[in-house]
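Q: For reference, the structure I am asking about is given below.
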């Protein structure tokens, strides 16, 4: 089994780190005839397995064709371990037979074995047999294997060369792919390592549960993310089996050899419109690592600040220090409009976070192998050194920014702006009753790449962000929905916070609308809602915890009505604290009656 195996890439590296984990997961069996300390590999970042976990096992000697390796004699030693991925018991056979995996270095004991439970193969690099030191390297998923690998005879069989990288499955594979997976997994669907890739409609439905409005942006992002991970899946499938055919009628047989480039995304919209939430929710739906970076903190190399490689380190940490998982993640770079050449040309100093940072980001966006340094105080030191190699060709980069006054650039390009004061297009739209936000949204719908270049981004940077998504400012109705409807709505969050103290929080309809109007007046979008709620509920949150011991006079409910909110230009009296039983309904009815009377008076005043 050792001679015939040839692996082209590693999926992930799992290093033995925890003594408690080792004593639970690894039971090593040593020979009675073996010397106590046999160096197997050159010393590296070794980790000690406690000697209490050792048992003994007789050495086996394999000669002739005993391992499929000619007529030379090779030593073998067997150990029983628990799989690092699924904890199922598996056999590991160490041998000094040369492997193609390690350049056929002679005299080195090593092992490549397969877990029948999770269909994963591991290459074990021991540095000493007693005490056992080394690390597991996960090679990948194996297709077309039998479940019965517990017998000693199976340990001597050759591994199949048809490797399947863990990833995503698209619906286009149909029933053939399902049958193939069932066969490779022994018919047990719970063991399937390939998860289904959601369709664009399913992704959009997932976004609807958390994000209000921005319907066009949701569709564009859903298609972009689906195509990105479909591209990754088909690329990994093609690598997994060069002999696979996709059973698709194609006019051009050479289309199988076409390489698909990734398409990164640029989100444009005012603050509080949902750019960050959209990117974060997308990563949650497709279940990939997600990292956020602020472009304003990035600087050129050798300057004080964060290098662009720090973005990849954040993604590496979010992926649980798994390089392979990180290489399929999503990175959101916020405030990219702040690193335009225009914003730094007026400073008079060196442009350390403008065009230079854009140049540094080009290779990351396009796709390249980057050496990512590990900080000295990092969460986990990589055993291979002070840096890791990450390939960014499958990382989806989503950039975002407010791009203030970009609509003026669009208007000038359309020759609708007059020299000096005013613009005819804005005048026409304003006289038609459209708000300023509606005017901006209408202009940005016709945004082109040349407008971003005129704004201050370099052409090479814009060219690597082919998908442009414009978001509009949220209106009053949408802000009310943000407060009440999504799964993680702000109103629901504060209700849960008070419920932890057995207190009921209630908002009247008039109060929620007034809160939305106050947020719109601050031009902060949905971000302004939390600060408004904090100011309204601060006094109640201060009083509630101490009222638990007051018995029947303890606080039972907190009411937020229009009086608590105040007006658009002035603060209110704060949330009303209600004590005693059965008082909330009475106050709610009174508050709603007052609000209805005010609405009726306002309507009568407008009609006169």
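Note that the numbers count up from 1, one per residue, in the order the chain is shown.
Placement of Cβ uses the backbone N, Cα and C atoms for every residue, glycine included.
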Q: Of the ranges 143-195, 196-248, 249-301, which one does Swiss-Prot list as region 'Disordered'?
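A: That would be 143-195, per the region 'Disordered' entry in Swiss-Prot.
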Q: Once near-sequence residues are set aside, which residues in the chain of residue 273 (ATP binding site), 6 or more away, have Cβ atoms under 8 Å from its Cβ?
A: 214, 471, 472, 473, 474, 525, 526
Q: Can you give me the same-chain residues 6 or more apart in sequence from residue 275 (ATP binding site) with a CB-CB distance under 8 Å?
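A: The list for residue 275 (ATP binding site) reads 267, 269, 334, 400, 471, given in order along the sequence.
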Q: Using a 10 Å radius around each Cβ and counting other Cβ atoms from all shown chains, which of the binding-site residues 270, 272, 274 yields the largest count?
A: 274
Q: Do any residues at least six apart in sequence from residue 276 (ATP binding site), in the same chain, have a Cβ closer than 8 Å to its Cβ, and if so which, in order?
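A: Counting only residues 6 or more apart in sequence, the Cβ neighbours of residue 276 (ATP binding site) under 8 Å are 292, 332, 334, 400.
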